[in-house]
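Accompanying notes for the structure given below.
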Amino acid sequence: MAEPHIPGRMNRLCCPICDEVLRNPTTITCGHKFCMQCIQDHFDCDERANRLRSCPECGHKFPSRPQLIRNTPLADSVKVRVWDTARRDAASEKRKHSEASKQAPKRARSCAETQTSSGSTLCVRHSSPLDIYCCTEEQIICAVCAQAEHSGHTIGSVREERRRKQEELKNIQTKSRQILQKQEKKWENMGKIQIQEEARETQDYCESVLAGVIDSLQRHYMSVRELIRGHEEEAAAQVEKMEEMRKRDAELNRLTQIDSDVHFLQKSPSLRRLCEKEPLHFVHEVSEDPLLPFKFIKRAVDHLGKQLEEFCDKEFALISQTANVGEQQESEGETEEDDVQQRWEASQSHGLSGVNTLTEQNVEPKTRAEFLEYACGLSLDPTTAHEDLVIYEGNKEVRMIPLQCKSQAIRHPERFIHRRQVLCREGLQAERCYYEIEVEGDKAEIALTYKGIDRKSRTALSAFGGNAKSWSLDRSTIYSVSHRADSIQLTSYPSQRRLGVYLKFKEGTLSFYEVSDSMTFLYKVEAKFTEPLYPGFWLGEKCRIRICDLKQDRL
């Protein structure tokens, strides 16, 4: 998912994780910079969750934990930049308040004075008590700051704000304790030995089921071997018949070459025996290509193998997903068999299942020409585009704005504030819709989302695929699909610039393809769509996305 945008002139020297100036900076192998402690904590979190270590900025996966080394030149650059910024800010503030300071009554200030009698700390700029809280900017300020810089903001006392936040913390703690008590109740009679026994029993059961499947495959394999042996014997018999036919033809040829009539008639009994030995029509039964049955068998088994492999990949992924859905939907009390069945059915309809059985009838279009029958026209909506993006070519293309060309974007309520995302104007809800886009660059996200997706926050609620309102195909070094902040990594690697998106709104399916001379299937999402879906895109560095005009292709 896309990283949040960090505004300000210190943007390049800020850590993307904590949004603060880099402390003890380090650079990982994908090129992104972080605070040493921040990236260590992030890798620790990945390891505790049994995930591959990944870059929080670009999502790049590391098979092993990268070695972190302090970036000394960058650390020196941060020190110089911070000192220079602080010096300019101090000079600006001094000029700003010089006139107010001349009119205000002078009072002695001590560098050692850090607290008033009430315990409130003092404002370092005005030496006034920090007893006011600005709710608008979430800052603790003094009375002078409130009058000079926070006019029109919602303000209150520090004590009242502490009481309110303490009440919030108390509510959070109450809910946390309720969850803990419920979990403790479930686990009070559960020991380590019981967990091990249940795990061992589950493992034995799975092994027995899969062993039965392997035995079944072995039986089918033996039947295929018998089929191959039968065709081998039949082909060998045909070869023998052909040899016999050649010998017969050579004998007939010798008889026809006899000049003497008497000698020819004397040999006629041999000629009759050759003709009566076996009917000549068997030659018409000989296959033109005796190897053709073997070619058909190999082709059929190859097709079956690919189907089985695809089916097993999806079904084994569903096993893990089913367990996760069970955890999310867990209710009070012990889990009964009917609860397990309900959770299995829920996992089948979950937004990321996308599992098709081998017996499912395939009524989908096959060729690109068939997909183009459902082509729909799209155009980008400039009012939704993040300020780092520029839209051109009749609202059909979008790319990153070069830093030297960047200007302040016009504020609009529909605009994405912190993520480099943009939506299309058209909401899709027809029975079938198909469109294609071309991607240049290493990283991009192709998404469909409800119109009500968050545009303002830095959380996953505003990221494509990070919430319940959007589904996203993430294209980087490998493909992955995201929904509700859960990602499924595909086995496919990007090989084409053009991608196709096929939506069946009423049936609740969303399919992604790579487009070339043929259509290469990537993934199919199954969900229940309740609102029109708006195509959207997130762009990585040096990325460009173009919506393809399919009108000419349909002609």
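Along the chain as shown, the residues are counted starting at 1.
Cβ from N, Cα, C; glycine included.
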Next on the checklist: Of the ranges 214-248, 249-283, 354-388, which one does TrEMBL flag as coiled coil?
Outcome noted: 214-248
Item to check | region 'Disordered' per TrEMBL - which of 43-65, 89-111, 158-180 | outcome: 89-111
Item to check | Range among 155-182, 323-350 that TrEMBL annotates as coiled coil | outcome: 155-182
Checklist entry - According to DSSP, how is the domain 'B box-type' (118-158) divided among helix, strand and coil residues? => result 8 helix, 12 strand, 21 coil
